[in-house]
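Student: Next up is a structure, given as structure tokens.
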Amino acid sequence: MPLLHRKPFVRQKPPGDLRPDEEVFYCKVTNEIFRHYDDFFERTILCNSLVWSCAVTGRPGLTYQEALESERKARQNLQSFPEPLIIPVLYLTNLTRRSRLHEICDDIFAYVKDRYFVEETVEVIRNNGTRLQCRILEVLPPLHQNGFANGHLSSADGETIVISDSDDSETQSSSFHHGKKKDAIDPLLFRYRVQPTKKEMYESAVVKATQISRRKHLFSRDKLKLFLKQHCEAQDGVIKIKASSFSAYNIAEQDFSYFFPDDPPTFIFSPANRRRGRPPKRISFGQEDSIASKQTAARYRNKAIKERDKLLKQEEMRALAFEKAKLKRERADALEARKREKEDKEKKREELKKMVEEERLKKKEEKERLKIEREKEREKLREEKRKYMEYLKQWSKPREDMECDDLKELPEPTPVKTRLPPEVFGDALMVLEFLNAFGELFDLQDEFPEGVTLAEVLEEALVGNDSEGPLCELLFFFLTAIFQAMAEEEEEVAKEQITDADTKDLTEALDEDADPTKSALSAVAALAAAWPQLHQGCSLKSLDLDSCTLSEILRLHILASGADVTSANAKYRYQKRGGFDATDDACMELRLSNPSLVKKLSSTSVYDLTPGEKMKILHALCGKLLTLVSTRDFIEDYVDVLRQAKQEFRELKAEQHRKEREATAARIRRRKEEKLKEQEQKMKEKQEKLKEDEQRNSAAVPGYGEEEREDFDTSTENKNIEQKDLDPDVVTEDEDDPGSHKRSRRGKVGQTAVKQCIKQEEMNYCIKQEPLSADAEEALRQEQQQKEKELLDKIQSAIACTNIFPLGRDRLYRRYWIFPSIPGLFIEEDYSGLTEDMLLPRPSSFHNNAQPRDPQVSIKTEESFLSESTSSLDQGPFDDSVLLPKPVHKPNRWCFYSSCAQLDQLIDALNSRGHRESALKETLLQEKSRICAQLAHFSEEKFHFSDKPQADSKPVSSRGRSSGACDISQMSAERQLELRLRDFLLDIEDRIYQGTLGAIKVTDRQVWRSALENGRYELLSEESKENGVIKTVNEDVEEMEMEQARVIVRDRLLGIKTETPSTISTSASTPQSVSNVVHYLALALFQIEQGIERRFLKAPLDGNDSGRSYKTVLDRWRESLLSSASLSQVFLHLSTLDRSVMWSKSILNARCKICRKKGDAENMVLCDGCDRGHHTYCVRPKLKAVPDGDWFCPECRPKQRSRRLSSRQRPSLESDEEMEEGMEDDDDEVDDDDEEGQSEEEEYEVEQDEEDSDDDEALSPPKRGRPQVRLPIKTKGRFGPSFPSRSQRQDPGRYPSRSQQSTPKNTAKSASKNLRKTRSAPPTETRSLRVGSRSTRHSPSALQDVFVELLSPHSKRRGRKGADHTPEHSPSFTNFRVSTSRSSRQLIPLNTAESLSLQHSESKRRGRKRQSTESSPVPLNRRSSGRQGGVHELSAFEQLVVELVRHDDSWPFLKLVSKIQVPDYYDIIKKPIALNIIREKVNKCEYKLASEFIDDIELMFSNCFEYNPRNTSEAKAGTRLQAFFHIQAQKLGLHVSPSTVDQVSTPLAAKKSRI
């Protein structure tokens, strides 16, 4: 805790009466709370004031936080104080008597810095200069310092008192202690027994004090002072140890000899009164006199001791001088005797030298002559050796591989023979490596849990034509990854989008728009990218991607590639994608380089392409993924990993080499020492022998001893030769300069001997460290090998993700590869850029050295030969004929080696002098272990098929349409897709028919279905009908073609879905048949769409378009469908239609209104009033059988209409409407997905699972990944209303079985089993779903007979008179419509109201209580008679308002327009009104007359028409709702003026939709 004004700071405690809910002021710095702001403010100011000090260091002038930080750092610094020094330092502190802390610190630091204590960790400097961390086991005192020097004084000597006249108290104290200090042992004389901290080192060793040191900053004055501050305090003016520290470390019981073998030091005492330079306050005058007398006596005592020591020293000096003089005289006498003896010997030696001088000169001349002869012979040998070395140097120089004269034949590799064409095999390997390297980044394991292999996946994908095979999975993986990554990048661009000005400046800086070609390409790509939005209602990424639509989505993606390159994301592309532009897109490059392939995709399935064409597509998709930001970041991360792994591997190798060098040097040193010892022993023996011979023969043979000595001296030459044998590396240097090097060699021998003797002790020290057991060495070696292997694996995996490059090239320029994904050593024979002369052996320029330029030819690099392959070479006799080299015309191929024996042969045959082969050989030797490990798992059968299986497999991969149709593998993909499309068309038609969502407008449905099922497509084009308008298909197609001749060309974008058959193929039958099949199947889908009632279609094909375009998405969808040129395009339109159908309205999903359960369709009847399902056993009273004719539920029964509460009894219509809508089933409401997930609904297990999956679709955003590509079949294809399903994977089983739709139970079974039966007709049980529940009434008129023929099967099944016989749903003709009632039918002319009737018929929705003359005639009669009997008009107003609010087209009129959303609305509309206002007036009985109510309604419509243009969705909804209002008003007997009925407001053409 910091000190406040150098006093402890105490926090303020919280008040005792503090309430839990009381508001207080909290000070975060001191963790205190205050009730009053003034206290809080005062404490805050105090914390920020410089009045605090650190409690540890005592540093003043700090703020509270600074003091806390100072304490933290000081305590952290104290943690590093050596623990073995704590007790010794405290013990020494206890011996001091100082009044200042820094004086104690100086005394202790001066004593401790040169002494080291037991258990202390120090650094020992070894003999070789390295530092070793050791622990002190024992402190050894010097042996010669025992006794008096070690402080063991006798009591008599220690108590001698000498009187001194000094009156200085400090001199007294220092002199007294000096008597002991002079005898203190020098700290450098101590020795220490240390033990290394590493266990593998030796146990212990004794070192000198000069070899020991503490680590830097481990023990310093500052740290010691900080430590003493924590454990010391001032007591009576003297610094003493705190009582807590004294007792905690047991200082009183400690013995200093345990820490250091010397007597404890005696420190200088400093008087306490000198602390501040002022006399102490507590000492009296009497005490001062006593202290002064004691100090005087002590000074006298010290002076006497000093005088005594001085006299003793003088006596000792006199004795020593006398002894030295005596020894000097004895030495002089001995020297004189030796001198005389030496002079006698010199005289005798002079005489002997004169006698042998002549013989010595003769021998010397003979020796010189022999020496000259030997020197000549050596010079001759040296010259020959130099020439040979020059020859070897020239011969071993690197050269062109084909110029080497010792080339060996390379082992013949096995050619690769697989189902793939040879030219595709290399690209297949590239795709395989890409998938293995980047599969983790793009979640490859989701599509291929077992991984991607060459034989099982890639070969089958490229050769086979199965639409559900590996090619589908691969393309789905690529497109999914691309779409996902592009969506993520779009989000990042949106976040980082810059201003328009900056974007413009950046675009101009990058100069992207300067190239008109790029601009044109980007414009075309943008046009192609907009096509799916215009014709399918969603973007390309949102289309349903499955095996059937894959070809078309792939083609659209290729065409739209480059559309994302805009000026808005220029900065992002420049910063994150390396300046990516449209021409960098691999798919755009494919589109530009292979336009025929893109055109072929428009009419052919991708599964029927050739392997080469498939590989081009896969190659382009790989290139597309490589340009993404995520891939670039992934590669950069692995580049960093590779760099780090290589650095670690280099360090590991350097460490291994260092250890090996040290071990080798130690062995060499030991051998040299042994040889040196032997030589010294021999020299000693020779010297002794020579001395004996000299003494024996000196008198008989004069000069013999001298001659032998000379011979001995010349033996240094032999010694020189021996030394040369020890150091063979310097032989040539000695031979080059024999005179000088010989003398220096002699000197070096002596120096080496001296150095070896000096280092012998160091070697012995090193040998002590070496003893490692064999098991430990083996374990260490295995650990290093394991670490090296892990680093190599890490490097290889990083290389696979960054840059795979060949091992090298041989003499024939063949590349050698090893791949991480497949085992084996592969050879690529690529002859591009080579000429024939480059593959032929050429004479080496080394053999004919006549021309100086030949060596230059022999050492040309590989690049120089490639660059000069077209130039002429000077080759002796061929110089006169200058011929251009011929390029090599050979197909590229791949080969492989399959065994380690072949690898050994290859390494042996490679030439070490060639440029390419030397590098290849070195690489193969380095990678030999890894290659052999791969070859051990290599299967030769996968890469080399026999000829017979290869021939048998060719027909499988061909696109024969006449092959057996029974076997799917023998079918072409086009045929497979055709059969599947027929199944799906029949299935969706059956689901629409069974679900009462509509019916195809043909004479006989069964004939139509059998024609489609049996492939008799010519029977499909009998006639087509759209919502009652009979129109032949030929007329329809002709109209479409005449209307859109230019539109199709513009929309198809360079060949999108062209109808013209391909003229490339010479066979006219196959393309024609395919075109006809596509045309008829598209026509069948068109007929199915025409048969769906408009009210059961939702976005994007709901026909509502809020924009200003006169064509809706549905219109463009129809145009695109009829101009489809491939089956995949038809599949794409089918998925869009399936996504747009309101399957929740299907009767197959009907739910009982009472028990809220699905199923048991045989016992379910539909109410003719509300179209709600009711089980016969749930109705009260129960129904014994399905009733004939009309049946109404209890709520819709006419007699119960009067029981409804009047408007006066209900506070608001809103609550009633909400209550009724809450009771309605989720099949009637589009936005009631929350009800589907309620746990209180007890449904069948399969149905509940489907409901849960549908809820997930509605609540969660669509995901791009999918578990499978196949199209499973399910009868209930519901979609979430808010989040429509994008793809097949989110709606498993979109296309149900036609044979399993009799009951909802069967549909559940079919959905769970995912089965599809393609050849069975629908059973008759499906007809009984609604049979008997209602009766069908027909008019005898001729016109009605036509509709009976066309629509009677559907009206019987569905029983919807409102859909078939009401004026809203009757078929339309030129100027008439059929108005059918129970009593009469009449033809009403439609001049201006024809469009209103059509729009109204499309706007009807299920689940609404519709009042028509046919379905509920009784209420109509009661209403008409009620008005005649005086019934109040408010009941009619109330009923009409409810009908208007519940109408689907009432959404623009429910509430007033918000002024915030539409600011200018109230500037144009002066009298705004809405249905909620009208409803409030009805509830408050504000309408006195019917005309007021009708005027408000008409004012609402006139406001809509005045503000919104005619073609907007709001105006269309107003038109339909106004027509509905007029009809209902007439039915209720309300009078609407003709002028109001005929009133049609002309909206402003320039206004846009505001609501």
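Positions of Cβ are set from backbone N, Cα and C atoms, glycine also.
Sharing the features that Swiss-Prot gives for it:
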REGION    1-133  region 'Required for interaction with NCOR1'
DOMAIN    22-128  domain 'WAC'
MOD_RES   S270  phosphoserine
MOD_RES   S284  phosphoserine
REGION    652-751  region 'Disordered'
MOD_RES   T732  phosphothreonine
REGION    843-874  region 'Disordered'
REGION    944-969  region 'Disordered'
MOD_RES   S963  phosphoserine
REGION    1203-1429  region 'Disordered'
COMPBIAS  1263-1277  compositional bias 'Basic residues'
COMPBIAS  1297-1313  compositional bias 'Polar residues'
MOD_RES   S1320  phosphoserine
MOD_RES   S1339  phosphoserine
MOD_RES   S1352  phosphoserine
COMPBIAS  1369-1386  compositional bias 'Polar residues'
MOD_RES   S1370  phosphoserine
MOD_RES   S1401  phosphoserine
MOD_RES   S1412  phosphoserine
MOD_RES   S1416  phosphoserine
DOMAIN    1429-1532  domain 'Bromo'
MOD_RES   T1546  phosphothreonine
Student: Same chain only, sequence gap of 6 or more: which residues have a CB within under 8 Å of the CB of S270 (phosphoserine)?
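Tutor: R97, R98, S99, R100, E103 - these are the non-local Cβ neighbours of S270 (phosphoserine), listed in sequence order.
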Student: Using DSSP, how many residues of the region 'Required for interaction with NCOR1' (1-133) fall into helix, strand and coil, respectively?
Tutor: 52 helix, 21 strand, 60 coil
Student: From the DSSP assignment alone, can you count helix, strand and coil residues within the domain 'Bromo' (1429-1532)?
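Tutor: When I sort the residues of the domain 'Bromo' (1429-1532) into the three classes, I find 68 helix, 0 strand, 36 coil.
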Student: Helix, strand or coil: which one is S270 (phosphoserine) in, per DSSP?
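Tutor: For S270 (phosphoserine) - judged by DSSP and reduced to three states - the answer is coil.
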Student: Can you check how the pLDDT averages out over the domain 'WAC' (22-128)?
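Tutor: Overall, the domain 'WAC' (22-128) comes to a mean pLDDT of 89.
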